[in-house]
Amino acid sequence: MNFTGDCLLYAGYEKLSLSLAVVTILIFSSSLILNISALVIGFYTTAPGPMKMYLINLIVSDILFTVTLPLKIDYYYYFFNWRWGEMACRIMSFLSYINTYVSINFMTWISVNRYYAVTRPHKYNSRDNIMRTKIACACTWVIILVPMSSILFVSTTSSDHETKIRCMEYNKVGDSMYLPPWVTIVMCFIGFVIPFAMMAISYSAVCYTVLSGISKSTRSYRTCKLVACILTEFVICFLPYHASVISYMIHIITSKTVLCENVSYYQMLLHATQCLMKLNCCMDPIIYLFVSSYKSKAKSNSIKLMFK
């Protein structure tokens, strides 16, 4: 497999760059308001429990990533020109990957938690699960943080023929990957495909239990809706990006020559699908507010008033 050499990745994509900047501004504004609101409501209006712990961890991850979005807005506004130095690029990239895979893992934990709550209600005890939930949360952060921290120690910027500095992008096709394509595919399989399969199985079991009448409580129906919302968010936010990465890695493995225009298209596709991934920062707090709204009638009314 051969590469075509130096490549101007973004020739002709000026309008798309500005569109990405506008979309990211909207995501940043919405995410900041929603996540801070959800965090405040979470601390003051809901009792401790596994669901709260998972969702609070999601929100913390979203906030950490949201504060880096102004840098991404600047990058898009100046037509993919990074003006903030090497370390800022590393930190932004690090938090982006952390948010993606921490979110995927906690969304998977939530679905599994709901699976046991609905299909094994006699064995499920929220209080007994709190310690296990704490351990799961701690392990999730460690497992994601340790390998991703390598990003902080490698160069993440590069320059091209236009004398612009790119962040986490490469003007030479042959430099477009840190890892061999097959390793990237394996990582996508572990980080996305397996969690997606677990969520789909949990969702199917929950809905089967509820719709078959095995568990007829109102709470069970709400759980079915919750897991469906989480699965929908998962598909919208994370499936396009990982499908794009996997398909391109397969293209590299199977093709004798990778053309510049293919790489350019892939880079823009990554930016577009990454915008979809950023949407999870807005959707996570909405799901949290959805869950919190059922705790009591008074709390439900206060949450609804926020959105009038």
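Cβ coordinates are placed from backbone N, Cα and C, and glycine is handled just like the others.
Residues or ranges marked as topological domain 'Extracellular' by Swiss-Prot on the basis of sequence analysis: 1-20, 74-91, 155-180, 248-270. Among the features that Swiss-Prot reports, N-linked glycosylation site is placed at Asn2, Asn262. Per Swiss-Prot, transmembrane segment is recorded for 21-41, 53-73, 92-112, 134-154, 181-201, 227-247, 271-291, and the stated evidence type is sequence analysis. As annotated by Swiss-Prot, topological domain 'Cytoplasmic' applies to 42-52, 113-133, 202-226, 292-308. Among the features that Swiss-Prot reports, disulfide bond is placed at Cys89-Cys167, with the record citing sequence analysis.
DSSP gives Cys89 (disulfide bond) a helix state.
Within its own chain, the transmembrane segment (21-41) is flanked in space by residues 55-56, 59-60, 62-63, 66, 69-70, 72-73, 76-77, 275, 278-279, 281-282, 284-286, 288-289, 292, 303, 306, which lie at least six positions past its ends and keep a Cβ under 8 Å from the stretch. Count of Cβ pairs under 8 Å against the transmembrane segment (92-112): among 53-73, 181-201, 227-247, 271-291, the largest is for 53-73. When each of 53-73, 181-201, 271-291 is checked for Cβ pairs under 8 Å to the transmembrane segment (134-154), 53-73 comes out on top. Across all of the topological domain 'Extracellular' (74-91), the predicted model scores a mean pLDDT of 94.
For the topological domain 'Extracellular' (74-91), the residues of the chain that approach it from at least six positions outside its boundaries are 9-10, 14, 17-18, 20-21, 24, 68, 151-152, 154-157, 164-169, judged by C-beta separation under 8 angstroms. If you take the C-beta of Cys167 (disulfide bond) and look for same-chain residues 6 or more apart in sequence within under 8 angstroms, you find Tyr75, Trp82, Cys89, Met92, Ser93, Thr156, Thr157. According to DSSP, Cys167 (disulfide bond) sits within a strand segment. Per-class residue totals from DSSP over the topological domain 'Extracellular' (248-270), listed helix then strand then coil: 18 helix, 2 strand, 3 coil. Among the recorded positions Cys89, Asn262, the residue whose Cβ has the fewest other Cβ atoms within 10 Å is Asn262.
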